[in-house]
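Contents: one structure, followed by commentary.
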Amino acid sequence: MERPSLRALLLGAAGLLLLLLPLSSSSSSDTCGPCEPASCPPLPPLGCLLGETRDACGCCPMCARGEGEPCGGGGAGRGYCAPGMECVKSRKRRKGKAGAAAGGPGVSGVCVCKSRYPVCGSDGTTYPSGCQLRAASQRAESRGEKAITQVSKGTCEQGPSIVTPPKDIWNVTGAQVYLSCEVIGIPTPVLIWNKVKRGHYGVQRTELLPGDRDNLAIQTRGGPEKHEVTGWVLVSPLSKEDAGEYECHASNSQGQASASAKITVVDALHEIPVKKGEGAEL
C-alpha cells in the first residue's frame, strides 16, 4: 500500500481548516445577534459620570466603570473601565483553575488607574491619582462648577501651619525645661526659634536662638509625619534671664506661621500659682 504524498497531506489539512472557519465565525455572530437599540437597558437619568462605553457586541451604550469598580466578566453585566484606567485581575484568579485564567471568559477584575501617583489640582487639593482628579472634575461640572485641571505631579504646595504649638512653662531657677513645636507644610518648612522682647507698643525686637547662650540648645528633626518638622528649645540650668516669650517660627516658599509660649521663672515651687494658663506646664 502506497503512503500518501506530502502534497496530499497538506491539501487535506487546508481543506479541513476551510470547513472549520465558517463554524467559528457563525458561533461568534450568533452570540451577539442583530443590534436592537430599543432593547438596550436605559442609562441613568443624569447620564454617566465617567462617560459611556459599548457592550461586548458594540451595540448598547453603558456607563464606564470607575476606580475600584468591577470590570471584565461575561454576559450583560460585563463592565469596561473609563479612559485612563485598566482592568486588573486579582492574583487569586490568575493562580486559579484553567477555566478562570486571566483573560478567560467570565473572569472579572477591578478598574485601576494607570497613573498611580498623586497630582495637584487647580482647586488646591492633592488627589491620589489623575483618575480621582478627573472624577472630581466631572462631579464639579455636573454641579455647574468650574472644571478641575492638573497643575502638577505630586502633592500641592502649601504654606506652613502649626500642628502642635509650644506651651507656657513655670519652673524654679536651676531646673531643666524645654519647649517643643511641631509644624507642617509643602515644601517642608524651615523651623527657627526666637526670643521675643515686647514693649508698650508691641514687639520691640527678636533674638535668634541659640545665640551665645551656654545654657540653651536648639534641636530640630523631620517628622513625625511627611513634610512635618519638630523643634525643641532646651534650657538648663534655668535662670531669671531666661524668663520671657519664645517664638516658634516656620517658613517655606508658600508662606510662614508662628506660635509662642512663655517661660516664667520663680525662686520656689510654692510661688507657682495653682491655676496657670491653659496648656501650661511645670
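Glycine is treated like the rest: Cβ placed from N, Cα and C.
Note that the structure is predicted; figures quoted are calculated from it, not measured.
Take the candidates Cys63, Cys71; Swiss-Prot pairs Cys87 in a disulfide bond with Cys71. Checking Cys57, Cys59, Cys111 against Swiss-Prot, the residue bonded to Cys81 by a disulphide is Cys111. The phosphoserine entry in Swiss-Prot, when matched to the candidates Ser24, Ser137, Ser152, Ser239, corresponds to Ser239. Separation of the C-alpha atoms of Cys59 (disulfide bond) and Cys40 (disulfide bond): 8 Å, rounded to the nearest whole number. Residue counts for the domain 'Kazal-like' (105-158) under DSSP, split into helix (H, G, I), strand (E, B) and coil, are 13 helix, 16 strand, 25 coil.
Secondary structure at Cys32 (disulfide bond), taken from DSSP and collapsed to helix, strand or coil, is helix. A straight line from the CA of Cys60 (disulfide bond) to the CA of Ser239 (phosphoserine) spans 82 Å. According to DSSP, Cys40 (disulfide bond) is assigned to coil rather than to any helix or strand. With respect to Cβ neighbours within 10 Å, the disulfide-bonded residues Cys57, Cys120, Cys181 differ, and Cys57 shows the lowest count.
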